[in-house]
Structures are given as structure tokens and as C-alpha cells.
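Visitor: Sharing the record's features from Swiss-Prot:
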TRANSMEM  45-65  transmembrane segment
TRANSMEM  69-89  transmembrane segment
TRANSMEM  114-134  transmembrane segment
TRANSMEM  135-155  transmembrane segment
TRANSMEM  163-183  transmembrane segment
TRANSMEM  188-208  transmembrane segment
TRANSMEM  231-253  transmembrane segment
TRANSMEM  257-276  transmembrane segment
TRANSMEM  296-316  transmembrane segment
Amino acid sequence: MPTKGDYQPPKDGILSKLPESAVPYGELLRIHRPLGYYLNISPYVVGVAYTAAISPVTLPSTFLLGRLVILSLWGFCIRSAGCAWNDLIDMDIDRQVSRTKLRPLPRGAVSPSGAALLAAFMFGCGGSLLLLLPSQCAFEAAIVVFFALLYPFGKRFSDHPQLILTNIAWAIPMAMSSLDMSPLDFPIPTLAMSFSIASVIVMIDIVYACQDAEEDKKVGARSMAVRYMEITDQIAYGLFFSGTLSLLVGGILRGLGFPFLIFSVGGHFLGFLRFLRASLGKGAKSALVESQAKSSCLLATMLLVFGLCFEYCVRL
């Protein structure tokens, strides 16, 4: 069992700026791991930009910005709550995996009750933001929260827990609802855009999970990285190409033009192709996976949103 003596306090980064007593809680919320926050918040940014680009009426920029802030805060709260909840449920598994055995709960720096209270608080903060959004958003939010609570149990009962993470793709219909547009008005484009987001999330998580695949197999933790260890590359590329195609379909069906095709689809393709080429085949313990994911995802999303914003401006 890991002990506090095995743990080295952070000497740099955001955690080093916190009071010593607050560091374990910052670690529990993963505030030092921006990739997870990016993956939870960026779909809402894409959702707002996509809705603005396809809306039959011109949506005021101030209205769009206001909704973007609320949805981004929602994504931040749900990501934080999900991390605390996941670590609480996974505490027994985390103790047995080298990469996770020194997390706050396994090493005893945070009590289970403390983690539960923190998770409940962050879920509550997220829930309070729904008061600022149309009532329809509560339905999409409930789906997101349900699957966030379910996720840590997935690796115990299924070889495909990554599929639970597709709940993040509900950011697209939730963003549309927040802007007073029903996702059912454009069901196929909405589904295509949501599938594109879901494909990216699952792709990145599978590649990231390869770091722990061997140890997960030994301790009985199940995942797609463990189940399909021999064909991880093929699955990742399959998700990449299907996600790119879905993005293309989602734009074409709503009449988006060359700015979308060149910047949004092109940026998605180049950004995530860069990620896969840099991350796959580097070995299960590759230190490049997270850094490549951060830079590649940022590049892909910036170009995707730029293309959608270009389409919005053209329609003004």
C-alpha cells in the first residue's frame, strides 16, 4: 500500500501555488491536468459555434458569449466532480496501479467522506448553473451527470467503459437548447456532430489508457485498451476517420461552405492525425501521449471553431 512517505509534493505548476493543505484536493479535482478540462469544455464551445453557424436567425454575439461562459463553467464543474467521484469509486484499483497509487485517496491524504463531499459540492455548483439556462437543458444535463456517475463502474462490468464517455457529446444538443434551438429541428446534423465529438473522446481515452493496459489487466480493470490490446491502433484510426466524416456530414447537411470545409474539417483532420502519429507506437508508458493530446486537440479545436465562426460572420 502506498504511504505518504512515497509521495513528493509538487515543486512547480499550479499545485505548488496552493496551500499545503489544499494540494490533495487540487489533485483530486485534477486542476493540474488541463487536458481533461479541455475535453469536457471544448465540446460546448464547438456546440455554441455550430449552433450560431447553422441558426436560421442571426444570434446576437453577446447572447452567444453569455451562454458560452455558463456552459464552460458547467463543463468545469462536472469535470471536477467526475474526477473526485471516479477516484472515490476506483480507490481500490488505484492502489494497485503505479501511475495512480499516489493519488490523494490511495495515499490517505483525503478521506473517502471528504472526496464524496467535494464531488457533491461540485455537482451542486454545476446544477446551480442550470438555473441560468432554458429548462430543456436540464434533460441533457441529467444525461451527462448520470453517465458521469456510472463511468467508474464501467471498468468492473464491461470491456467498453470508454463508450460511457460519449456522454460528453451531449454538449452539442445542450448547447443548441441553451440557444433556444431544438436539436430535433435538425436531427441528422445534430447526431453527426455529436458522433464526431464522441469519436474524438473515445479515441483519446483509448490511446491514453494504453499507458496502464498491462497493469489494468493484472488487477482486473477492464477497458477497450485491455480488450483490444493488439488492435488499438486500428480502432483509434477507425474512430478518427469516422469522426472526421461525421463532422463533414454535420456541416454539409446544414449548408456550411468552404470556411467550414477548409478550417473546421481540415483542422480536425490535421490536428488529430498529428496526435495519433505522435502517440501510437511509442510504448505503453509514453510520456508524449498527454502533451501531444493537449497541443493537437487545441490546434484541432481552434481551427474547428474558427471555421464555424467564419460561417457565422458570413451570415451576418
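Placement of Cβ uses the backbone N, Cα and C atoms for every residue, glycine included.
Source: prediction; values computed, not measured.
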Visitor: Near the transmembrane segment (163-183), which same-chain residues lie under 8 Å Cβ to Cβ, leaving out any that are not at least 6 residues past its ends?
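Guide: Counting only partners 6 or more residues beyond its ends, the transmembrane segment (163-183) has Cβ contacts under 8 Å with 39-40, 43-44, 46-48, 50-52, 55, 59, 63-64, 67, 70-71, 75, 133-134, 136-137, 139-141, 143-144, 146-148, 150-151, 154, 190, 193-195, 197-198, 201-202, 205, 224.
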Visitor: Excluding the flanking five residues on each side, which residues at least 6 beyond the ends of the transmembrane segment (69-89) place their CB within less than 8 Å of a CB in that stretch?
Guide: 28-31, 36-37, 40-41, 43-45, 47-48, 103-105, 112, 115-116, 118-123, 125-126, 129-130, 132-133, 141, 144-145, 148-149, 151-153, 171, 174-175, 178
Visitor: Residue list, the transmembrane segment (45-65) vs rest of chain: Cβ under 8 Å, 6 or more residues beyond ends.
Guide: 71-72, 171-176, 178-179, 181, 186, 189, 193, 197, 250, 254-256, 260, 301, 304-305, 308-309, 311-312, 315-316
